[in-house]
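Here is the structure we will look at.
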Amino acid sequence: MSNIGKVVQVIGPVVDIKFDEENLPDIYNAISIESGNAKIITEVAQHLGDDIVRTISMESTDGLMRGMDALDIGAPISVPVGKPVLGRLFNMLGQPIDENGEVEADEYSPIHRPAPSFEDQSVKPEMFETGIKVIDLIAPYQKGGKIGLFGGAGVGKTVIIQELINNIAKEHGGLSVFTGVGERTREGNDLYYEMQESGVINKTALVFGQMNEPPGARMRVALTGLTMAEHFRDEGQDVLLFIDNIFRFTQAGSEVSALLGRIPSAVGYQPTLATEMGSLQERITSTKHGSITSVQAVYVPADDLTDPAPATTFTHLDATTVLSRSISEIGIYPAVDPLASTSRILDPRVVGEEHYKVASDVKHILERYSELQDIIAILGVDELSEEDRLVVIRARRIQRFLSQPFSVAEQFTGYEGKYVPIKETIRGFKEILEGKYDDLPETAFLFKGSIDEVIESAKNMVKS
């Protein structure tokens, strides 16, 4: 029998509904309210007493009035999952917004579900090969790990995201879910068309809750994307989950918390900040079936890393990839800062002794080169000691060899994209560190894949 209540109060995105005493809907249940031709979905957030439940709307509440009928759906919001979602664009409710017709999905999953049990989780740390040299060498990603992607506007966050989607699709046969949380509509639009042009759209599901949507939708859209990713993982796939931007998830939660009348905590954030973040992040993990590796763009308010929002996010991250404007300004892409980026699995017990030693030596040389920059600027390279001059020669070659042509940027750069296996990456940097290529011109190292391409390019330069 259907359970119908009446709307008794509407305050912005908050809708209070009265039900019969014995039929109160559960917390997180979806409620459907018909307003004219539209159907508005809200989610139960609180039981207030007097048989009234307080719900948060996932859509605009324009047109809602007291006395309207509200139907308890009897379960949380459910979204389509499985193969039919690939290549499609969804809103937070799992409704397609790409004007390509209905999604013919056989399965739907609730967006609220517990994290995998300890017995199901995979505990063996394993490296996830991205084919991007600077990431694989300096700050490797863990399979089933969580990675923070830090960077300002225009330094290449989106290009790295697209290349990762491209590489996991082509090299690993894996799938991706991109979740835009509180993003600018224009950026989501650009990403959708760029993905269509680069051909990676068919291995990707996109979910957007844009900036102009109510806080309920922006708070829950990350769960919609995660639910789609979890289904692929449980089918034995390795999935990439992109969340852009994880700060907007916290921000939307703060708005919802204030609307529900909770007393704010530090810096005005919700008192449940750590719980909300934990309930999302704990579901992003590897199981014995497959893995979800999550790359999350992190906005840092006023560049204050101690702000509760980024500080709470950091506790969950396994690796950080920091994009630097100063590196992009000298024309080296991807503009990843090798000295600021970190990874928990850059450990000889996980990546092996050789990888660890090469990565440490590369960092050491780049750090020394960074220290020498002021001396070089004032006195020039000729005034340096023989040892420091060698550091400069190798550091400049390493810096350029950390650049790489991307498949998704071929139309802009004119270079064919390269996927570099980790063994090739380690071999290349090891040989540069040993001084084998001190006599090759620096420009031969720029935008190359493996070290063999560098040698070939240098030979061609000599011939011409």
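Positions of Cβ are set from backbone N, Cα and C atoms, glycine also.
In the three-state DSSP assignment, the secondary structure recorded for A153 (ATP binding site) is coil. Annotation source Swiss-Prot lists ATP binding site at G151, G152, A153, G154, V155, G156, K157, T158, citing sequence analysis.
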Neighbours of G151, G152, A153, G154, V155, G156, K157, T158 excl. site residues, C-beta within 8 Å of centre, ATP: L323, S328, A335
Of G151, G152, G156 (the binding-site residues), the residue whose Cβ has the fewest other Cβ atoms within 10 Å: G152
Count of other CB atoms lying within 10 Å of the CB belonging to V155 (ATP binding site): 23
In the chain carrying G154 (ATP binding site), residues 6 or more apart in sequence that have Cβ under 8 angstroms from it: S328
Spatial neighbours, same chain, of K157 (ATP binding site) - Cβ under 8 Å, 6+ residues apart: L149, G151, D244, A297, L323
Least buried by Cβ count (within 10 Å) of the binding-site residues A153, T158: A153
